[in-house]
């Protein structure tokens, strides 16, 4: 099978690492920009926003399957363009990607189909959002409706803080993403991430994880795209997983089909485990980053037949994905100044030495400059390890982190605690 992978982050490096292991793989191409992926796949020098160029590349190189990693191309409708050219795509089309692209769309869908989630109000102006605060106690959650790189959610401890967040969002702090706002009740409980793979009709569980969003130890500082993760999510028991499938995930897939926008790809449910049971915080229309990294470390099934079956409506014929009983832990090394203004250009060495204990270092915000590896983004490296015991996996990951020489980097010391 000839495969094209779209995306250049740590998530895509983990996907590439797993795809490259598949016996079903013939030729593997990936978009350029990640030195780690470049070791595994041939370069596809294409601009992802130029859909015609992507289609042409697929036709010229007899691509059997396109795997889209990040959310932006999904929401931009790249899947639609490829499907229109009869190219199999793993990832939803533009309409179905609204599950991530518009928080208001998802909340309305939940309300219509009785999918458990927090009480909310959609607001189309700062005035409307500020007035909506009268209907909520603090803390209250203020969300930008659109894509904001994992940073468009503010938990406001006071009304003043909530009004400031509303003001910032409507003034363009997250670009067009904040033109509409969702005001939401704050849910008490523990967070967990639940993943499912769907072909638009059939849906199967695809592992669980827990990520750490805040930049600092002890869950302090601003939200980020994620500073680390572990899998499985220990609080998600088999009974809870069954409830999540029955009460949240399966009804969503059925609802999307009924709405005429079948969801193909990975459905990532961000959950709050409340005293009343699991409730949906939000959906993502793709694998999480860095949750993908821990899931790929644990996935035992050959990934390509799964992705291709989902892309071609044949998931029913595939056996359930199997995951190792081992634990996996990812620690993100970020550039100083992240998330506000990460310092670029820092030199990174000793990655091979870091992997000597069995850890895998997935590259994210990196670039090669005359064979010297340098930081080129906020989240730079994702150091991932697996072991039969949770603490052993954690120790292996941190041992590898401490071997890497990257003076401009920092990380949280409490991932998994």
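Cβ coordinates are placed from backbone N, Cα and C, and glycine is handled just like the others.
Database features, via Swiss-Prot:
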{"type": "DOMAIN", "residues": "107-312", "note": "domain 'ATP-grasp'"}
{"type": "BINDING", "residues": "133-193", "note": "ATP binding site"}
{"type": "REGION", "residues": "206-231", "note": "region 'Disordered'"}
{"type": "BINDING", "residues": "282, 284", "note": "Mg(2+) binding site"}
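Location within the structure of each feature annotated in Swiss-Prot.
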residue	record	DSSP (3 states)
133	ATP binding site	helix
141	ATP binding site	strand
149	ATP binding site	coil
157	ATP binding site	coil
165	ATP binding site	helix
173	ATP binding site	coil
181	ATP binding site	strand
189	ATP binding site	coil
282	Mg(2+) binding site	strand
Note to self: I need the least crowded one of these binding-site residues (133, 181), counting other C-beta atoms within 10 angstroms of each C-beta.
What the structure shows: 133
Checklist line | Intrachain neighbours beyond the region 'Disordered' (206-231), with Cβ under 8 angstroms and 6 or more residues off its ends | finding: 149-151, 153, 191-197, 241, 266, 288-291, 293-295, 297-299, 321, 323, 327-332, 334, 338-340, 378-379, 390, 393-394, 411-416
Note to self: So if I draw a 10 Å sphere around the Cβ of residue 173 (ATP binding site), how many other Cβ atoms end up inside it?
What the structure shows: 16
Check: Could you count the residues of the region 'Disordered' (206-231) that DSSP puts in helix, in strand and in coil?
Finding: 0 helix, 17 strand, 9 coil
Notebook entry, point to check: By a simple count, how many Cβ atoms lie within 10 Å of the Cβ of residue 141 (ATP binding site), its own Cβ left out?
Noted result: 20
Note to self: Just to be sure I understand the packing, how many Cβ atoms besides its own are within 10 Å of the Cβ of residue 189 (ATP binding site)?
What the structure shows: 16
Checklist line | For the domain 'ATP-grasp' (107-312), the mean pLDDT of the predicted model | finding: 96
Next item on the list: Using the structure shown, find which entry in 157, 282 (the binding-site residues) has the sparsest Cβ neighbourhood within 10 Å.
Entry: 157
Check: If you count Cβ atoms within 10 Å of the Cβ of residue 165 (ATP binding site), leaving out that atom itself, what do you get?
Finding: 25
